[in-house]
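As recorded in TrEMBL, the features of this protein are as follows:
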DOMAIN    83-236  domain 'Cytochrome c'
BINDING   Cys96, Cys99, His100, Met220  heme c binding site
REGION    126-151  region 'Disordered'
COMPBIAS  126-135  compositional bias 'Acidic residues'
Amino acid sequence: MFSRFGSAFKNSARSFSTSAKAEISSNTKRVINGAVGVAGLTAAFVLYEDSQTAKAMTAAEHGLHAPEYDWPHKGMFDSYDHASIRRGFQVYREVCSACHSLDRIAWRNLVGVSHTNAEAKAMAEEYEYDDEPDDQGNPRKRPGKLTDYIPGPYANEEAARAANGGALPPDLSLVVKARHGGCDYIFALLTGYPDDPPAGVVLAPGSNYNPYFPGGSIAMARTLFDDIVEYEDGTPASSSQMAKDVVTFLDWCSEPELDDRKKLGAKAIIILTSLYLMAVWTKKFKWAPIKHRKIVFNPPKPPKKN
């Protein structure tokens, strides 16, 4: 009798101890989770406040934020306006190439994009490039070929700085990718020159005011004026139209494979979606009966005793 009471007491004590431990463990987990949550929220709040107060540059030093424009090639399934690329190359060649280079673009890159093979070859032959020396070792020149890169306006960096008052005109091959805001910033910069700087703004000699340029003082003067270029296709050459075309051309220069990449992306989406649907169908109609089937084992009954 007493042994029964003793075993019952032990069992009840053991169960109470187990439940107490479980409750303590559960409470401990809640406290830890709460502390981690509070610490995370506190850290996020501190970082947010720090980001609101810490300013490496003032608004004037950073430049006016460019507005966002709806570019024709901005969509996921949209391609470049190739007529605009052709006009933009004309603007670059007649206006921008006087100071800026395109070191990463060859004449062959224009073929099939904005110009025909014959047109690109004719433009390349207008320039002379270094050729192999003759038998006496004298340097020779040859007409340009499609494989040659578009030449820049200056022989070296020193010549570029000397011709621009110490300022170095950047290469435009990747300028859209290298500037915050991309196409929007370049377009706003080209069309953002006011007739006169605001009152109180003092510019260094040889500088020009542009609110979209960091600091507002830029060495490049306004270069795009209405009808400064006569388009081959008869498009009115307003300053905004020329800026739009040359920005489209420079965006293509920074990413010539964009159209091909979008085509491959569309093909990949179609293929992967088809494979996904096939996998769903296979799982639903092929594997579902096998996965959910029930196997029952009925053991043989023992033989009856005589």
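Each Cβ is built from the backbone N, Cα and C atoms, and glycine gets one as well.
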Task = Determine the mean pLDDT over the domain 'Cytochrome c' (83-236), rounding to the nearest whole number.
result = 94
Key: Proximal but sequence-remote residues of the same chain as Met220 (heme c binding site) (Cβ under 8 Å, at least 6 apart)   = Cys99, Ala167, Pro169, Asn208
Shell list (heme c; ref centroid = CB of Cys96, Cys99, His100, Met220; cutoff 8 A) = Val95, Ser97, Ala98, Pro169, Leu172, Thr223
Remark   = Lowest 10 Å Cβ neighbour count of the binding-site residues Cys96, Cys99 is held by Cys99
Ask   = His100 (heme c binding site) has how many other Cβ neighbours within 10 Å of its own Cβ?
value = 20
